[in-house]
Amino acid sequence: MSSFALARFASGLFAGKLVDKFGERIVYTTGVGFVALSSFAAAFSQNYEQLLIYRAAGGLGSSMFSVAAGSIVLRAVDDTRRARAQSLYNGSFLLGMMAGPVIGGFLTAFSLRAPLFIYAVLLVISSAAGGFLLRNSTLAARPTEKSTQVKTPLRDALSSKPYLIALIISFCSASIFFGMSRSILPLFMVEDLNSTAGFLGIGFTIASIVQGILLLKAGSLSDEKGRRFSALLGSSLVASSVVILFFTYQPWMFLVSMAISGVGAAFLSTTPSAIVGDVMRGKGGQVIALFQMSGDAGAMVAPIALGFIADHYGFRPAFAVSAGLMFIALFAATKLPETRSSHLGQSS
């Protein structure tokens, strides 16, 4: 478990409180700047202990800017466009995740420290751009004593059924996308099916491309047909992709699973967060923070738990547990009521 991920998770609610108190603009620019500073420091680290400390500090900054950015995206639009806005936001992250390893791999040919330097420079630009573009935004401004902005306390959100369902779906889907897919799946393909790393990369690339192509369409369907429709469809597809892995004895079946997973991911990467935006009224930094923490928890716990199952009982039992998680998400989605205020009282 990386110090960055652990620090990001541990500081989530604190970051949410900062957003509610100081506003999205200040927290975003400070958080991104903090990660930039920690990356510069990590590039100059002389030993593993220093690198660990600097990366942990970066986790705090990451928590700050991700909560602030998430709050801006969810609050900047109404519920008729919220999922589409989230699709664009997630699409930018997906592009970065695809391009980052390629660029980083090229830079390491010059120096192992080079990617950290370039990353820090890009973050400085991002921090400055955020501060400049949000300078006149009342939505992202720091609340004043005379401010009458509405705020959603975390306690109120936790009493909301749709919010709890969003937490469940977020945890379960992150356990698959960032847990199973990054831990036991590569080992299964190499050790059980004797596949190459190149073939594995093709499968993951297919999933990313399919997800990227369908992100905007998935957001549109969520806004038009409702969050329940999209949550059911996404959970069903991801659950099906894991079931296929359970029965995979030929490498080509892995490619089919990845393609289906990419379609499901397009829906599940937008709909749960849109649900959170629907139930929020005004600022809700801690509400967004806990939602993001649910996904981080799945990404941290799943590799350990599924790795233990795979080591002691085999890969297929681990896939069975993974499928079980997605069926839990699917069941939760069946209980999801309409959350779009513009469609309350209508059937989705």
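Even glycines carry a Cβ here, placed using N, Cα and C.
Marked as domain 'Major facilitator superfamily (MFS) profile' by TrEMBL: 1-341. This prediction places the mean pLDDT of the domain 'Major facilitator superfamily (MFS) profile' (1-341) at 92.
Remote same-chain partners of the transmembrane segment (26-46), defined as residues 6 or more beyond its termini with a Cβ less than 8 Å from a stretch Cβ, comprise 15, 18-19, 54-55, 57-58, 60-69, 72, 113, 116-117, 119-121, 123-124, 126-128, 130-131, 134, 140, 142, 285. The feature transmembrane segment is assigned by TrEMBL to 26-46 (among others).
Feature annotation from TrEMBL assigns transmembrane segment to 52-76 (among others).
Residues annotated as transmembrane segment in TrEMBL: 88-110 (among others). When Cβ-Cβ distances below 8 Å are used as the criterion, the transmembrane segment (88-110) is approached by residues 69, 73, 118, 208, 211-212, 215-216, 219, 269-270 of the same chain, each at least six residues removed from its ends.
Residues or ranges marked as transmembrane segment by TrEMBL: 116-134 (among others). Sequence-distant contacts of the transmembrane segment (116-134) (same chain, at least 6 residues past either end, Cβ-Cβ under 8 Å): 24-25, 28-29, 32-33, 35-37, 39-40, 42-43, 72, 103, 107, 140.
Residues or ranges marked as transmembrane segment by TrEMBL: 163-185 (among others). Residues 157, 204, 231, 234-235, 238, 242, 245, 261, 265, 268-269, 271-273, 275-276, 279, 287, 290-291, 294-299, 301-303, 306-307, 310, 315, 318-319, 322, 325-326, 328-329, 332-333, 335-336 of the same chain lie 6 or more positions beyond the ends of the transmembrane segment (163-185) yet place their CB under 8 Å from a CB of it.
What TrEMBL records for 197-216 (among others) is transmembrane segment.
Through the fold, the transmembrane segment (228-247) approaches residues 83, 165, 169, 172-173, 176, 180, 185, 188, 218, 221-222, 253-254, 256-258, 260-261, 263-268, 270-272, 275, 316, 319-320, 322-323, 326-327, 329-330, 333-334, 336-338, 348 of its own chain, all at least 6 residues removed from its boundaries and within a Cβ separation under 8 Å. As annotated by TrEMBL, transmembrane segment applies to 228-247 (among others).
Annotation source TrEMBL lists transmembrane segment at 253-275 (among others). Proximity of distant same-chain residues to the transmembrane segment (253-275), defined by a Cβ-Cβ separation under 8 Å and at least 6 residues beyond the stretch ends, is recorded for 70, 74, 79, 82-83, 86-87, 90, 162-163, 165-166, 169-170, 173, 176-177, 181, 189, 193, 195, 199, 202-204, 206-211, 214-215, 217-219, 221-223, 227, 230-231, 233-238, 240-242, 244-245, 247, 291, 336, 339.
Among the features that TrEMBL reports, transmembrane segment is placed at 287-309 (among others). Beyond its flanks by at least six residues, the transmembrane segment (287-309) meets 1, 5-6, 8-9, 12-13, 15-16, 19, 63, 66-67, 70-71, 74, 152, 154, 157, 163, 166-168, 170-180, 182-184, 272-273, 276, 279-280, 317-318, 321-322 of its own chain at Cβ-Cβ distances under 8 Å.
Annotation source TrEMBL lists transmembrane segment at 315-333 (among others).
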